[in-house]
Amino acid sequence: MIGLWPKGGDVYKFNRYTLYAAVSISFFISAIGVLLIIDLFFVDSDFEDLEEMTLIYVAEFLVIIKVYCFMRNIKLIKHLMATLNTDMFQPKTIQQKMLIKPALNFWKLVYNIFTAAGGPLTSLWVFLPLLTKTKKIALPVSVWYPYDIQASPMYEITYLYQIVSVFYIVVAIYNIDMLISALMMYTGAQCDILCDNLRNLEDNESRNFNRKLIDCIRHHQEILIFAENCNEFFNLIFLGQFFGSSVLIALILFRLVLNNQSYIQIFTHFLLVTFYMVQIFTYCWFGNEVQVKSRQIPYSVFESDWVQHSLEIRKSMIIFVIRSHRPVKLSAFNLFYLSLDVYIKVIVTTRL
């Protein structure tokens, strides 16, 4: 819809879809950022307006980072999606399907929560200037324009343009965040499937047992490659998200403390704080799940029927245990790893 997903396995090429993507993203997403920069450096604003503009500027900065990383890594993302459809990454038994079902259901719950909350929050943001009792004509995003927005019909046209821009921004954030969460969820699900395969390594014949063990080792290697490719896509997004969310939450809480706002503005800012807290919690939760589930891999090896097999097979299993002892961790350029501990530290820091 907004030009972020070329059809099939294609990437961005010189065609009509790429032209549409370039125009729509530049006009409805990037243009707001350019106007914000002009407003920041060339328009005199009081402290309160500057503070409000900083909130919008940081949020727009996050959107641009996510869209840029998504479009830049579209080939890698489609490769990841194709990897998930390979036979190695598919659950083989009903037990394995039931094993990964709780994680999938939790992701669907998060998806539905964002869907249910996103509509009212976006509508409140867009129509807040109309609900606020003030004589001054206002827009959802207060930025500089090269014409007088106070006159009709320029005000109505600009307002409609910003409604479409906000729609594009929300759709981009929503879908990119849900894709990132899904990729992390599937990484953890692959660890569950691998653990189940290791626990059920049962065969009296050493040749068959060794073949199944080799399949598990290859599966583990593919999981590591998959996680590394995911991290290549996530790195800049995670860094920008955690830094930007920390700044936004701190600024919004500061504005709430000032206590010179209308009830509608207070309610809107409260919803924004909740949104950003849930957003980074989602990243940290699924990242933490990947760590927890990958730590179970070496223990699952010992639950297999390995006692009766040859010394050579046992040595192979020991090497695999040593290799899999290091958990799979998703990070932002290895500066910090996604976990619930990191989430708590971020929340405590923003409150200080």
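Any Cβ shown, glycine's included, is placed from N, Cα and C.
Nobody curates TrEMBL annotations by hand; they come from automatic prediction.
What TrEMBL records for this protein:
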- 20-42: transmembrane segment (TRANSMEM)
- 54-71: transmembrane segment (TRANSMEM)
- 109-128: transmembrane segment (TRANSMEM)
- 159-176: transmembrane segment (TRANSMEM)
- 233-257: transmembrane segment (TRANSMEM)
- 263-286: transmembrane segment (TRANSMEM)
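The highest tally of CB pairs under 8 A with the transmembrane segment (54-71), across 20-42, 109-128, 159-176, 263-286, is held by 20-42. Sequence-distant contacts of the transmembrane segment (109-128) (same chain, at least 6 residues past either end, Cβ-Cβ under 8 Å): 140, 162-163, 166-167, 170, 174, 177-178, 181, 264-265, 267-268, 271-272, 275, 278, 282. Long-range Cβ contacts of the transmembrane segment (20-42) within its own chain (Cβ-Cβ under 8 Å, at least 6 residues beyond either end) map to 2-4, 6, 12, 53, 56-57, 60-61, 63-64, 67, 71, 141-145, 162, 164-165, 168-169, 172.
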